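The structure appears below as structure tokens.
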Amino acid sequence: MPPQQEQDTDSDAIRSYNEESKSETPGCIPDAMLSSDETSNDVASDISPPPDGGWNAWLCTLCGHFLFMNTWGFINSFGIFQTYYTTFLDRDPSDISWIGSIQVFLSFFVGAFVGRYIDSGHLRLVLSCGTILVLIGIFTASLSTQYWQLILSQGICCGLGNGFLVTPAVSVTSTYFAKRRSLAIGISTCGSVTGALVFNSMARQLLPTAGFGWTMRAIGFVQAATLLFVVVAMKTRLPPTKSGRLVEWVAFKQLDYTFFTIGMFFNFWAVFFGYYYIAPYSRDIITPTLTYTQSLNLLLILNGVGVFGRMIANHYADTFGPLELLIPTCLVAAVATFSWIAVDTPTHAYVWTVFYGIIGGSILSLFPAGISCLTTDLSTRGAYIGMNFTVISFATLTGNPIAGAIITAMQGRYYGAQAFMGSSFIVGTAFIVAAKMNHVK
């Protein structure tokens with residue numbers, strides 16, 4: 001595009017922004033309508049309307065896609081490692097769950113600290129630290145032969161690295177969009193589907209032939225290439241804030257933010273249960289039982305169909321609002337989890353996997369869109385998102401080990417854990433309803 005034409009286009013976009021802001025995502029406060037009391041005085045005068053498209057915006061979205069691919073995509077592949085580690089290490093499923101749960105916990109827990117650093121203008125440093133930690137974790141895991149070694153490498157080191165990478169995938173991408181914010185975040189979060197399909201397929205093909213060590217190294221090479229691209233290409237749009245607290249406690253004075261955070265705590269207690277346990281369930285409970293390879297196919301399907309849930313949910317979230325869609329989605333997830341109790345044949349297992357994959361993908365994608373909707377101050381958006389991640393981290397740390405402990409206590413029967421997680425979804429839905437009722441439009 002010629003320079004003059006590009007300038008005219010930008011000018012038109014800015015002139016029309018105030019009119020367009022009225023039709024933004026329902027239930028969200030338009031960025032341009034924020035008063036000086038709601039936006040930091042240090043940066044308010046420098047913030048221009050989100051471009052809602054363009055090269056930099058979509059490049060940032062692609063970077064967010066790669067970040068989710070190498071963080072949540074790898075985490076969502078843990079089901080295949082859960083199965084392998086249970087056999088290889090001869091440990092109970094609840095013990096193995098701690099490896100994945102610690103990784104997920106740290107991915108969320110460090111969010112509050114990372115969010116403030118991003119707001120302060122240190123995006124490149126945050127991305128570099130995250131990349132280094134993830135690569136150290138994956139390559140040291142490839143050399144691990146003991147349970148405690150995998151806890152340190154795949155659990156702690158990869159988890160810390162993920163924590164540096166997950167928050168910017170949401171907070172930075174969201175600043176480039178207004179009307180299409182939910183769609184852009186949805187495209188970014190679809191990276192977790194890409195990663196799950198890629199890493200599950202790699203592990204499925206390489207574990208029997210190349211062995212565990214080279215399987216992990218091959219995954220590490222893919223992560224290195226894509227994460228280095230992100231470190232170079234991803235840029236923040238907003239000027240750095242010159243001041244601010246590490247934790248914005250004022251956020252919890254907003255009832256909608258507080259109720260949303262509590263609700264997603266209960267939802268995240270339950271949402272990964274299906275991702276971790278559908279494979280062992282298919283080998284232990286249904287009749288006839290599935291083979292190891294067939295059970296891994298369920299994981300591929302579970303993650304693959306998630307792309308439909310993510311894209312459809314975020315497309316309509318821009319029309320109806322993320323909270324409005326999140327409420328029925330979490331309620332349907334509760335019904336799906338309770339219905340899992342009745343799954344007792346391979347056909348039922350495949351049907352349930354497709355259905356839950358779509359619903360679970362929708363929840364994981366609408367969640368960050370919902371946070372962005374509730375965050376009214378652009379200068380502290382990273383901190384608000386990070387704090388939410390930190391609270392939810394404790395749910396992800398304990399959810400699957402609790403489920404594993406219930407299964408072990410019931411001599412390998414799953415219905416107790418399924419009922420517990422279905423109930424957790426119901427409680428979470430109730431708090432999201434409360435958040436919607438208290439949301440200030």
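Note: Cβ is positioned from N, Cα and C throughout, glycine not excepted.
Swiss-Prot lists 1-47 with the feature region 'Disordered'. The transmembrane segment annotation in Swiss-Prot covers 61-81, 95-115, 125-145, 150-170, 183-203, 212-232, 259-279, 289-309, 323-343, 351-371, 389-409, 415-435 and is backed by sequence analysis. The N-linked glycosylation site feature in Swiss-Prot is assigned to ASN388; the stated evidence is sequence analysis.
Here the transmembrane segment (351-371) has long-range neighbours at 25, 72, 170, 174, 181-182, 185-186, 189-190, 192-193, 260, 264, 267, 271, 274-275, 278, 298, 301-314, 317, 322-323, 325-326, 329-330, 332-333, 336-337, 339-340, 343, 384-385, 388, meaning same-chain residues at least 6 beyond its ends whose C-beta is under 8 angstroms from one of its own.
Proximity of distant same-chain residues to the transmembrane segment (150-170), defined by a Cβ-Cβ separation under 8 Å and at least 6 residues beyond the stretch ends, is recorded for 63-64, 67-68, 70-72, 74-75, 81, 85, 89, 98-100, 102-111, 114-115, 118, 123, 126-127, 129-138, 140-141, 144, 185, 188-189, 191, 227, 230, 234, 368, 371-372, 382, 385-386, 389. Using a 10 Å Cβ-Cβ cutoff, ASN388 (N-linked glycosylation site) registers 28 neighbours.
The stretches the transmembrane segment (125-145) and the transmembrane segment (389-409) do not meet in space: the count of Cβ pairs below 8 angstroms, excluding pairs fewer than 6 apart in sequence, stays at fewer than three. If you count C-beta pairs under 8 angstroms between the transmembrane segment (61-81) and each of 183-203, 259-279, 289-309, 389-409, the highest count goes to 183-203.
Contact count against the transmembrane segment (389-409) (Cβ pairs under 8 Å) is highest for 415-435, out of 183-203, 289-309, 415-435. If you look at the transmembrane segment (323-343) against the transmembrane segment (415-435), you find at least three C-beta pairs under 8 angstroms, all six or more positions apart, and that counts as contact. For the transmembrane segment (259-279), the partner stretch with the highest count of Cβ pairs under 8 angstroms, out of 183-203, 212-232, 289-309, 415-435, is 415-435. Count of Cβ pairs under 8 Å against the transmembrane segment (183-203): among 212-232, 289-309, 415-435, the largest is for 289-309.
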